[in-house]
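**Student:** Following this message is one structure expressed as structure tokens.
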Amino acid sequence: MSWGTELWDQFDNLEKHTQWGIDILEKYIKFVKERTEIELSYAKQLRNLSKKYQPKKNSKEEEEYRYTACKAFLSTLNEMNDYAGQHEVISENMTSQITVELTRYVQDLKQERKSHFHEGRKAQQHIETCWKQLESSKRRFERDCKEADRAQQYFEKMDADINVTKADVEKARQQAQTRHQMAEDSKADYSLILQKFNQEQREYYYTHIPTIFQKIQEMEERRIVRVGESMKTYAEVDRQVIPIIGKCLDEIVKAAKSIDQKNDSQLVIEAYKSGFEPPGDIEFEDYTQPMKRTVSDNSLSNSRGEGKPELKFGGKSKGKLWPFIKKNKLSLKLGAAPEDFSNLPPEQRRKKLQQKVDELNKDIQKEMDQRDAITKMKDVYLKNPQMGDPASLDHKLTEVSQNIEKLRLEAQKFEAWLAEVEGRLPARSDQARRQSGMYDTQSPATVNNCAQDRESPDGSYTEEQSQESEVKVLATDFDDEFDDEEPLPAIGTCKALYTFEGQNEGTISVVEGETLYVIEEDKGDGWTRIRRSEDEEGYVPTSYVEVYLDKNAKDS
């Protein structure tokens, strides 16, 4: 099967076909180029998507990524970034291995095709020239033969005419002989040119054209093979990144399997645990009984049953408690949080103090590293004065040392608060002791987590808005009615576990270890009403005191 023998007369069609082949190749190059652009665009969009959902530094979002579910999501974002990188690799490899190579090949192919068809046209022109020469010699031979025939007839006519002179007859004879000779020469020339043309024609159709067409056929077959190889490369480029993409997907699955719902639940406890004890039951207040109070030192149960809370709890005393909480809320909103975080619940305060200590220790370490670097540089300057003046570093060294001292003092202050809190925490309850041990195992720092300090949380305990509104209404209705009532009798005693500075209306300050009288139990709001003397009473957080109720009061 050869184009040279089978398609010897299809020069123009072969020219069109080969041009079509080049067009197909250029179309494939364009296809691959657009695929690379899509891959780059897709990779860019994936990177932007991953970046969009990355947690912002120093923001609340960054704290959320402590949870395993959020960590898995962050891992997914990072893997998607690597996934996008593989699509960039696909684009780069297709560009270098297919687009660039085929573009160069197309240029060479066009030059080769041009050369082959130029050679074919040259052979065509040569055979056409030979054909024209043959036609010209043929016409000349034909013309000379006719002229010779006419000259012969004219000679015979002159020879037969008796009136013609002998000289005219001789002249006609010579003319006839000349024409006859010219015809013979034309015949010989025509015969020679015909032989030459036939030879050229055989070489053209059996040698030149087959050779040229064979080269064109080989060129076209190479183009077809090259297209096939490019398509294989196209698939291989994709196949090469499949293992890495598979690893990315495996890492996403691994991250998903690492999600621990129990751990996340524990983190929620650590993040929001206040450290307060749950409120106790609210006792029934019987408003149908006569509102009289009999003060008796021998019967605490009667005193408790008749005069204890009735409307006093919901009236004046309660009206004093809620404004204290509300004021502190306002102060927190205005950013008036104390330096020792005493406004926070115990567990949250412990975490904040520990975090502050860790930050200060890191700052101290940075300053110490800087001091060591400056000291080394000063030693180098002392040994090699030409490199610099050692005295120029004294000011910087002094400044760094002062910074270290300031940071150490600051750290000692927070460590003192933390140590004081942690020293008191185990005395609270078995439950608190277990919780403290849990934090100790999680944070192996020299000074472990932070608990409740000597001061109150100052408003960290809040109630629902509806409850607050209800208490305010009761306070308004009954404050005036019970202003002149006799003081409530003691129903037991309590011992202060921590120091509490009652700086707000309705509260009372206590010192650690102090013993006081209990005149009203915790009604579920986290506060207990106590008395130090006849005229000094108020509320303290229930978790700050250990209550010992009289037996009769408990049974009442």
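Using N, Cα and C of the backbone, Cβ positions are placed for all residues, glycine too.
Pulled from TrEMBL, these are the listed features:
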| type | residues | note |
| --- | --- | --- |
| DOMAIN | 1-264 | domain 'F-BAR' |
| COILED | 155-186 | coiled coil |
| DOMAIN | 343-420 | domain 'REM-1' |
| COILED | 350-377 | coiled coil |
| REGION | 427-470 | region 'Disordered' |
| COMPBIAS | 438-451 | compositional bias 'Polar residues' |
| DOMAIN | 489-550 | domain 'SH3' |
**Student:** With DSSP as the yardstick, break the domain 'SH3' (489-550) down into helix, strand and coil residue counts.
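**Tutor:** Helix, strand and coil residues of the domain 'SH3' (489-550) number 3 helix, 32 strand, 27 coil.
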**Student:** What are the helix, strand and coil residue counts for the domain 'REM-1' (343-420) according to DSSP?
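**Tutor:** Within the domain 'REM-1' (343-420) the tally stands at 72 helix, 0 strand, 6 coil.
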**Student:** Give me the mean pLDDT over the coiled coil (350-377), rounded to a whole number.
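**Tutor:** A mean pLDDT of 88 is what the model gives the coiled coil (350-377).
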